[in-house]
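For reference, the structure is listed below as structure tokens.
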Amino acid sequence: MSNDPSAVSELPDKDSLDNGISNDNERAMGGNGDGGDGLRLPRTTGTLNVNALQKGTNAAHEAGGYKSMDPAKNAETTNDDDNNVVSLDDPIQFTRVSSSSVISGMSSSMSPHSNIDETKSLEAVTPNINTSNITPDHSADNTFSTINASESDHQFNDTLLSKLSLTDSTETIENNATVKHQQPVASSTVNSNKSSTDIRRATPVSTPVISKPSMTTTPRQINSASHSLSNPKHKQHKPKVKPSKPEAKSKPVSVKKSFPSKNPLKNSSPPKKQTEKSYYSSSSKKRKSGSNSGTLRMKDVFTSFVQNIKRNSQDDKRASSSSNNSSSSSITTALRISTPYNAKHIHHVGVDSKTGEYTGLPEEWEKLLTSSGISKREQQQNMQAVMDIVKFYQDVTETNGEDKMFKTFNTTTGLPGSPQVSTPPANSFNKFPPSTSDSHNYGSRTGTPMSNHVMSPTLNTDSSSANGKFIPSRPAPKPPSSASASAPIIKSPVMNSAANVSPLKQTHAPTTPNRTSPNRSSISRNATLKKEEQPLPPIPPTKSKTSPIISTAHTPQQVAQSPKAPAQETVTTPTSKPAQARSLSKELNEKKREERERRKKQLYAKLNEICSDGDPSTKYANLVKIGQGASGGVYTAYEIGTNVSVAIKQMNLEKQPKKELIINEILVMKGSKHPNIVNFIDSYVLKGDLWVIMEYMEGGSLTDVVTHCILTEGQIGAVCRETLSGLEFLHSKGVLHRDIKSDNILLSMEGDIKLTDFGFCAQINELNLKRTTMVGTPYWMAPEVVSRKEYGPKVDIWSLGIMIIEMIEGEPPYLNETPLRALYLIATNGTPKLKEPENLSSSLKKFLDWCLCVEPEDRASATELLHDEYITEIAEANSSLAPLVKLARLKKVAENMDADEDNDDDNDNEHINKTNNCDDNNDSKETVNLDVTEDDKQK
């Protein structure tokens, strides 16, 4: 050690340097920082494995991928954390270590004898010595140099601790040797990369090198070196113990230090943590030599324990961060407006390009087609017709009575500026008693004027409805939710002006009584408006706009009642979606139930107004059931006091799907009287049953005459004339019957003919059952109805033509076909063919062809047909039908008697068979008893 005074004078103050370094050592090694006693520890010998330098250098550079176990810290603190882990490997190293006490930890844990033994063992292993780059003058500062270069490598692995310490020491030695002959400067930068290159050049890889005892430091030299740091002149050059931030891939860090001109090793400022590295370099040799194996094993266990704790904490932090990210992303996803989900395309009907057949038809449609008798060839020839009739068949069979009300009567458009009348179901309807089967509307949706000769002048109070009454139209689909979400339509001034002729007390707008036909239109209009007040189910597109957030479309009334509901619904998360859906469905069902109850109360209230009070059984006597209609039984009775025959139709209101339609029928019939329409007498409500008293036609229906008698052309003309007269009246009121057939044409004993909305079904046979198997009786339907096209009042003219064929041949065309095949034949065949057309006169043929034109535009109207030659010249008087009515009635009575006798005979035969069976059983029992008695006697 040189005693150059200049060098000593330039060294920094020892106390100030040790205070800064000891504080860092306390944080890293658990010291208490209460003094510098560690500086006075005795020195011990040290060795340097030069062979390990090169391997350690390579391993240190290859360990660049190591990452910090603590994600909360930056990458630049990795080296400090790793050193902290290493320091825990030896509990003895928890003493204060200053920059001058190089091997104080070693001296405190091992005696000089153990160090000497270790040195001897190392010398025995590697006797070759290479001192080409090491001089005895520098031997006292080798360990300081090791500390100096330790900061150049900030990433290392625990398995390379011993090699790293030696490598750093050698790098610093070479570095010091390089700057030895330089001029003294205030600060010089030392790059450990260059030093690493120099040491590799100086030390061959193939030569194992280990230091001689000359490399060891004595306690005296260490104390001298420690004392050399006490000069306060170089306080401004006090080295920073904090490691600089490493660059990418752990590049060595340049450390600025001050070196004297002659002995640069004196000014080597040892950073913290190198003492532990130098110690572990020797402890790794001890593992190889087998000394202190128990202590090392405990150290290994403790080290692995600490590292596992670090890893677990790192995994927990990563898991928590990932869970936080996932939760935040889930919240973001919950608040994001999604696209439609769970969409299903159940059926896709296509056409095979080769065969031309439909592919992908629903199973129900396939069954209908196969059971209907429509062959594959027919399906291929008229594919679109098949599709239309299948849809129509399903609509007719699945529709309810309330929807039928919209299909029965005509539609009139409101004023253009009315937002409440945006769809046809929101329009007014004129109604008259239809039949028990379906009937369709033919009203206007465009408001185009028609000829005025079919209109009643009293209907001009509503110009828009009068002008566009007879434009052919189909019932439009149900209005969207926007219609139901609007304000109550019945209170709008536009609808008030349209309904200003209603005499009812239920109308919410001011009304002007009128005894003419406008009463019917206003009555039906009010019922239609009440229909619109029903809450509609939510439309799916409004849901998908905020999915998966549950929200519903509210009407203004609902929003006013619960203004906080939308805000609560928009905060929902996908996890609460099923609960929200269930609650929403429950609310909708509850609202529907309340609406049904409300409408039921309104229905009974309205019935009580239009019906008479009292018990009908006290006013009518001798009730005899003569038929069973679709909506109730039909009875005949005599009015007490006058002895007039009446027909009573009894209906259970709870079982009626079309209660509103029944009310409108009663109201229309009350205000309408026509000689060719069955007149309404009175109505009663008794114990939940509606009793409708009507004019009784004792001759029965035209069906009895057709099935039992043969009509002449004159008699057929009489029936056509009376029927057309009634249709003209209905059409003038904006009503179409849509179910004209022989069952709904009633006759009196004098031959008078009247239209009715129900048919007598006293004749129970196969033919009559076929007529009533399907609501709407497709055999009399017009092609435009079957093909789902727009239609108007001329559908009744087509039905009249089919009824003419029925009167000629005894049955309508296609009666023996299934209803679906009959619809197919009507749609594809057009005008049906007669069996014997040559037997008809030219006037009847012309009249029939005019009635059965496929195109509605070419078909005649009721007024035009009334002026036809066949009606004016060939048709006979009504009295000509009286003999046919009497004959048909006699035959019908005879059939009923025969049927009763057959039933009695069948009952007698069954009784005789049962008696014979009983006698046979008794005989067998007696025989068995006799046999048993004889056996007993023998015994």
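Just so it is clear, glycine is given a Cβ too, placed from its N, Cα and C backbone atoms.
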Of the residues Thr135, Thr203, Thr218, give the one that Swiss-Prot describes as phosphothreonine. Thr203
Listed residues Ser87, Ser101, Ser121, Ser861, with the one flagged phosphoserine by Swiss-Prot: Ser87
Thr448, Thr573 - the residue Swiss-Prot records as phosphothreonine: Thr573
Which of the listed residues, Ser165, Ser484, Ser631, Ser672, has Swiss-Prot annotated as phosphoserine? Ser165
According to Swiss-Prot, which residue among Thr167, Thr359, Thr915 is annotated as phosphothreonine? Thr167
From the set Ser111, Ser502, which residue is assigned the annotation phosphoserine by Swiss-Prot? Ser502
Using all protein chains shown, find which of the recorded positions Ser585, Gln628 scores highest when you count other CB atoms within 10 A of its CB. Gln628
Which whole-number value in Å describes the distance between the Cα atoms of Asp739 (active site, proton acceptor) and Gln628 (ATP binding site)? 18
What is the number of other Cβ atoms found within 10 Å of the Cβ of Asp739 (active site, proton acceptor)? 27
For the binding-site residues listed here (Ile626, Val634), which one has the lowest count of neighbouring CB atoms within 10 Å of its own CB? Ile626
Sorry to bug you, but what's the C-alpha spacing from Gly632 (ATP binding site) to Ser585 (phosphoserine), rounded to the closest Å? 35
